[in-house]
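Enquirer: One structure follows; several queries about it will come next.
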């Protein structure tokens, strides 16, 4: 299919969901380009995101839609949604309120390896998760 023919298809027709009906979504800060998180979307969460311009994902652990920030207040306003060349990965460019990570950090990628293979924190703690979500067992 030529590039021009491909652009004639609708965005939703182009997305290749996996055998579970999911597609990975990489989430990036609209202003800085910093990668904030990776989450899964199904068709319903993607349609809701397109309609509301607020990020909505599919929670594999809870098996339900997850409007980012509904319990924490750390919403993601969606500016752009890009699709990769294979159609099987999305990139959401968002304005993030508060931290993206449920551990309280700006990004879920808040740890990096050191030369000795230990890890160090490399991100900003935005909130105390116990204050937002309560004590985790």
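Each Cβ is built from the backbone N, Cα and C atoms, and glycine gets one as well.
Since the structure is predicted, the reported quantities are computational estimates derived from the model, not experimental observations.
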Enquirer: Given that Swiss-Prot assigns 85, 108 to the Zn(2+) site, pick the one from 101, 122 that the record assigns to that site as well.
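Expert: Site partner of 85, 108 for Zn(2+), according to Swiss-Prot: 101.
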Enquirer: For Mg(2+), what surrounds 84, 86, 88 with a Cβ no more than 8 Å from their Cβ centroid?
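Expert: Apart from the listed residues, the neighbours are 16, 83, 85, 87, 89.
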Enquirer: What does the structure give for the C-alpha distance between residue 88 (Mg(2+) binding site) and residue 108 (Zn(2+) binding site)? Integer Å is fine.
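Expert: Answer for this pair: 21 Å between alpha carbons.
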Enquirer: In angstrom units, rounded to an integer, how far apart are the Cα atoms of residue 108 (Zn(2+) binding site) and residue 84 (Mg(2+) binding site)?
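Expert: Rounded to the nearest whole number, the Cα-Cα distance is 22 Å.
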Enquirer: What's the most sparsely packed of the binding-site residues 84, 86, 88, counting other C-beta atoms within 10 A?
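Expert: Looking at the binding-site residues 84, 86, 88, the Cβ with the fewest others within 10 Å is that of 86.
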